[in-house]
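What TrEMBL records for this protein:
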TRANSMEM  6-21  transmembrane segment
TRANSMEM  33-61  transmembrane segment
TRANSMEM  81-109  transmembrane segment
TRANSMEM  129-150  transmembrane segment
TRANSMEM  170-191  transmembrane segment
TRANSMEM  270-300  transmembrane segment
TRANSMEM  320-345  transmembrane segment
TRANSMEM  365-382  transmembrane segment
TRANSMEM  402-425  transmembrane segment
Amino acid sequence: ICFLLFAILYVVSYFIITRYKRKSDEQEDEDAVVNRISLCLSTFTLAVSAGAVLLLPFSIISNEVLLSFPHSYYIQWLNGSLIHGLWNLASLFSNLCLFVLMPFAFFFLESEGFAGLKKGIRARILETLVMLILLALLILGIVWVASALIDQDAASMESLYDLWEFYLPYLYSCISLMGCLLLLLCTPVGLSRMFTVMGQLLVKPAILEDLDEQIYIITLEEEALQRRLNGLSSSVEYNITELEQELENVKTLKTKLERRKKASAWERNLVYPAVMVLLLTETFISVLLVACNILCLLVDETAMPKGTRGPGIGNASLSAFGFVGAALEIILIFYLMVSSVVGFYSLRFFGNFIPKKDDTTMTKIIGNCVSILVLSSALPVMSRTLGITRFDLLGDFGRFNWLGNFYIVLSYNLLFAIVTTLCLVRKFTSAVREELFKALGLHKLHLSDAPRDSEASKPSANGHPKAL
């Protein structure tokens with residue numbers, strides 16, 4: 001069963017990566033083999049990431065199904081042993097991908113072989129293995145020194161020599177904490193950014209707008225730009241590249257206006273408001289659950305994500321609302337994961353990581369797979385820490401040291417609630433702030449964070465300002 005589930009995830013991950021992978025990477029024979037090996041390792045990592053995302057939803061729905069049909073013959077395969085096995089495999093493969101496979105894929109892709117050796121796959125593998133050993137020694141030294149500085153107990157120092165039982169779980173605990181901190185940064189940004197993303201994907205209602213007139217104006221501008229581009233010489237003030245870029249922007253805007261015009265009244269006036277209300281409701285429920293979890297942490301020790309053991313799988317429902325509550329938890333978990341990915345790519349530091357269709361190098365694909373693996377591995381921990389679900393963390397996910405620290409867990413919940421609220425307030429008051437800045441004459445100082453349209457400062461081809 002585990003193999004069938006992973007095979008499905010692997011096939012889906014392969015199609016996703018090949019959709020974005022640059023086709024020109026497969027030219028030379030040796031480089032083609034290296035790229036193929038790196039592609040397989042990246043696909044494996046992405047499949048593990050998808051499995052880590054599905055851990056909590058699959059476990060929650062399995063618990064409810066076992067409660068509803070405890071003696072059914074057709075679900076005998078769904079039991080606690082399978083759930084615990086999936087959690088252990090997800091933890092094992094996450095460690096394997098994060099510390100072995102992805103570093104190997106990156107160094108293998110960048111290797112050329114040592115000087116003086118015969119060039120080929122063997123020389124590149126040898127260089128990659130040497131780089132992995134040096135990297136392992138470097139990380140081992142850093143973690144050992146950090147543990148010595150933080151905890152000076154002799155027993156904890158000696159336990160670091162136990163590589164498999166303590167060192168790797170300790171290192172993965174540190175990576176998990178970093179992933180949860182990254183989720184704490186990305187998820188609030190993504191929750192506020194989701195409204196903008198869905199607004200770009202859906203057709204907005206045409207209120208007090210004449211789409212026919214706008215399409216007519218943009219058509220005239222497109223024709224003027226085309227005529228100017230056809231009769232352009234090298235001595236003209238406008239550069240050919242600038243005009244082509246402006247013409248492309250005009251065509252894109254015209255396509256969007258035509259799509260809005262062709263959309264049905266149901267799509268314009270019902271789907272867009274319904275999706276916006278749904279996003280707002282899910283965000284409000286998430287913040288409300290975090291606020292309730294903060295209160296539970298202050299009065300109840302069992303609210304801590306570590307050290308508590310529930311009734312077990314299939315013995316009792318984890319939600320007071322039964323199957324409906326479990327379905328709501330699953331929806332919120334997926335919503336938080338999508339929001340964290342959107343927020344991750346919305347940050348300026350990770351903006352260059354955004355993959356492009358048929359134009360993404362293998363190095364960038366490896367970076368994206370590692371980032372998604374860190375986010376997805378920390379998702380179950382974050383969901384349990386924030387109180388989105390009461391399902392106990394199984395396997396190595398529930399053995400992280402920092403999960404038993406009351407102050408870290410409480411601070412995490414407070415920061416999530418405060419930062420999410422501030423991001424939403426900033427999002428929905430941006431228009432009011434813009435008008436206040438304009439009324440006070442402060443808009444010239446660029447104090448607001450609203451994105452400025454680079455095309456608005458450039459005149460159109462006919463010399464008139466772009467009122468559209």
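In case you wondered, yes, glycine gets a Cβ from its N, Cα and C as well.
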In contact by Cβ distance (the transmembrane segment (320-345), the transmembrane segment (402-425); 3 or more pairs under 8 Å): no
Contact check, the transmembrane segment (320-345) vs the transmembrane segment (33-61), 3+ Cβ pairs under 8 Å, seq sep 6+: yes
Long-range neighbours of the transmembrane segment (81-109), counting only residues six or more past its ends (CB under 8 A): 1-2, 5, 34-35, 37-38, 41-42, 44-45, 48, 51-52, 55, 58-59, 62, 124-125, 127-128, 131-132, 135-136, 168, 171-172, 175, 313, 362-363, 366, 369-370, 373-374, 377, 394-397
Residue numbers, six or more beyond the limits of the transmembrane segment (6-21), whose CB comes under 8 Å of its CB atoms: 39, 42-44, 46-47, 50-51, 355-360, 362, 365
Outside the transmembrane segment (170-191), six or more residues from its ends: residues with CB under 8 Å to it: 91, 94-95, 98-99, 139, 143, 147, 160, 283, 286, 336, 338-344, 346-347, 374-375, 377-379, 381-382, 385, 396-397, 399-402, 412, 415-416, 419-420, 422-424
Remote residues contacting the transmembrane segment (33-61) - C-beta distance under 8 A, at least 6 residues beyond either end: 5-6, 9-10, 12-14, 16-18, 21, 25-26, 83, 86-87, 89-90, 93-94, 97, 101-102, 104-106, 108-109, 121, 124, 313, 318, 326, 329-330, 333-334, 337, 362, 365-366, 369-370, 372-373, 375-377, 379-380, 383, 389, 391, 394
Surrounding residues of the transmembrane segment (270-300) on its own chain - C-beta under 8 Å, 6+ positions past either end: 191, 194-195, 198-199, 202-205, 328, 331-332, 335-336, 386-388, 406, 409-410, 413-414, 416-417, 420-421, 424
